[in-house]
Amino acid sequence: MSVPVQARAGRFNAVHVLVFAGALIALGALPFAVYPVFLMKAMCFAIFACAFNLLLGFSGLLSFGHAAFFGSASYLSAYALSAWGLSAELSILFATVSSAALGAVFGAIAIRRQGIYFAMITLALSQMIYFAALQADFTGGEDGIQGVTRNPVFGLIDITDNLSSYYFVAVIFVFAMFAVYRVVHSPFGQVLRAIRESESRAKSLGYHTDQYKLVVFVISAALSGLAGGTKALVVQVASLTDVTWQMSGEVVLMTLLGGMGTVFGPAVGAVLIVTLQNFLNSFGSLVTILIGAIFVVCVMLFRRGILGELQARFGRK
Amino acid sequence: MLKNLSLAATLVAIGSMPAAAEKLSDNAVRIGVMTDMAAVYADLSGQGSVVAAEMAIEDFGGTVLGAPIELVSADHQNKADIAAAKAREWIDTDGVDMLTDLVTSSVALAVQEVGKEKNRVIMVVGAATSRLTGENCTSTGFHWAYDTYALANGTGTAVVKNGGDSWFFLTADYAFGHSLESDVSKIVEKNGGTVVGAVRHPFPTTDFASFLLQAQASGAKIIGLANAGSDTINAIKQASEFGIVEGGQNLAGLLMFITDVHALGLDAAKGLFMTTGWYWDLNDDTRAWAARFEEKVGRKPTMVQVGVYSAVLSYLKAVEAAGTDEATAVSEALKSMEINDVFTTGGKVYANGRMAHDMYLVQVKKPEDSSGAWDYLDVVRTIPAAEAFQNPAETGCPITN
């Protein structure tokens, strides 16, 4: 698997700057063409998928328990917003930091093993979070936390209407994408790729691979938490859906569809899946079948995922 | 002069007619049916609910206040976030005036919140939780066919009165199961019965052997199933393998539908008590409606599907009575109406949004007593509306007038 990035630490690539600028303009204009709540949800899942891809695509670690970070953050942010009345940005920050802490614990346990064992440990740990969410009082069991309020940002800026909350979420989205971009295009990101290609070689070069793996696990968990916390604000509900193992599976699907190991491919995959879920749901039972069929087609025809295939075909080597 | 007056009156009357139509947003009434189309609840609600809503619109005549009635539907996949986002989109961009069915509790609660924020009528039919008309009630939210209180109360009271005075609970170990167990326990004890024990099983469970052995050993006359969906089905199947009913104990399902009985078969389900809001074989009207429905869908309707029919029909009547589709006015009209249709006669809508109607305690027939497919239930007792549903003052809902 070739990863088409040339990391020049500390400096920006001109093409990347152009792409970023174009994306920013598109982000600003989109809510006037497409329903903002849908866009916000898509952005949350895009952050989640890109965060997940830091592990799978750039470090070669398949976590099957990322719903734990996404879902617990969604609960914590919903609780902070409705029960404590914290402002929007503090609630999301609280959820993000909690997810990072949870990630540190999960990571410290899971990175001791590789491959399928790593995946199973993360799955087991995330199932513990699922059962905690099902049983705990503050999560409301299977009813979830309902009627989450969109509290003002910094206690000042009102975000109750869809357009203003869209721009708030867009800022978070840009920040998260930039964070992912910086992590990937840094010496740290280079070491991660070295670990992915051959952990023993990275070790023999003198890198403490466990420390690197733990740090990237925590970053990934924190960003997943950012996504989950923001999503609770957007849809104003935190429910069991976000902590189920199916959600962990969905993010794998998004990443593979979009392009594992490309910086923004998973975001494309996430947008695709959310779009399918949203626009096909008036056709009844077709949603799951179609998503399954699309997945099979993608895996058979373009293994590198949508963006990965585009990159491989048109240029940037 | 008199002639002029009457002419003027006629002119005013003509002039006010388009005004009535203008009171409808976008000059149409749009109804959204949101349900589970493909997963666990697809049989008891699903496409059948959409067909039921179509039947209601057809029976109403296709137009209200001179404007067309449009129907949209979507699969919420039992996910509250998908449902809430779709509901917002429907209301913000598609001009949907009323949403109905909403078959999972978390989904219904989330959409009812959206309805409160956006001032739209939400008529929940498929979901069970009493919170919808309790602590989470809203002034434009309605709960139509049944709720957990009515099921717990109906089954608890009626079974004890029929001699089932000692109970053992098989409880799903999460909030829903716990609250159902405690609700029914209170009712059983209030009616002079005793609760001899309970066992908690994880959610979901496939192997009920050890739990059923405890239930059998307890010697209780009734084993209450404080769980739902596949847990209930699995428990009943295994209870039948253990010969629990032959051993003299009866099962009481607290959240069950006729489709569950259909899936289980009479051999496994015979003797089971449950409470339902409607059964197709009650009278000539219900049989005729069910036959019409069966022609389109291929099976008999559940109480949820006929509930959707009743909710949509009542909504349209209320829009006509209020002369507008503005949610507050329609809600007031609904609360002052008497609900008379194939679902119920003399149904009343309480201030908290609860539609109170007669419920039925039923027992599943023995295979030899059934005349064939869908002839599954015997009505043991009709539970009058006032007894079946909780007094609004006791629900914890702040809207009481």
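Yeah, the Cβs are placed from backbone N, Cα and C, and that goes for glycine too.
What TrEMBL says about this one:
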TRANSMEM  A:12-32  transmembrane segment
TRANSMEM  A:38-56  transmembrane segment
TRANSMEM  A:92-111  transmembrane segment
TRANSMEM  A:116-133  transmembrane segment
TRANSMEM  A:166-184  transmembrane segment
TRANSMEM  A:214-239  transmembrane segment
TRANSMEM  A:251-276  transmembrane segment
TRANSMEM  A:283-302  transmembrane segment
Non-local residues, at least 6 beyond the ends, that sit with Cβ under 8 Å of the transmembrane segment (A:283-302): 253, 256-257, 272-273, 276-277, 308-309
Contact set, same chain, for the transmembrane segment (A:166-184): CB under 8 Å, 6 or more residues outside the stretch: 5, 7, 16, 24, 27-28, 31, 36, 39-40, 43-44, 46-47, 50-51, 53-54, 58, 88, 92, 153, 157, 159, 216, 219, 223, 226-227, 230, 233-234, 263-264, 267
Per Cβ pairs under 8 Å, the stretch of A:92-111, A:116-133, A:251-276 packing most closely against the transmembrane segment (A:214-239): A:92-111
Within-chain partners of the transmembrane segment (A:92-111) [C-beta distance under 8 Å, separation at least 6 from its ends]: 61, 63, 65, 68-69, 72-74, 76-77, 80, 86, 118, 121-122, 125-126, 129, 172, 210, 213-214, 217-218, 220-226, 228-230, 232-233
Residues of the parent chain within Cβ reach of the transmembrane segment (A:38-56), under 8 Å, 6 or more residues beyond its termini: 30-31, 62-63, 66, 70, 162, 165-166, 169-170, 172-173, 176-177, 180, 183-184, 192, 216-217, 219-224, 226-228, 230-231, 234-235, 251-252, 254-255, 258, 260-267, 269-271, 273-275, 278
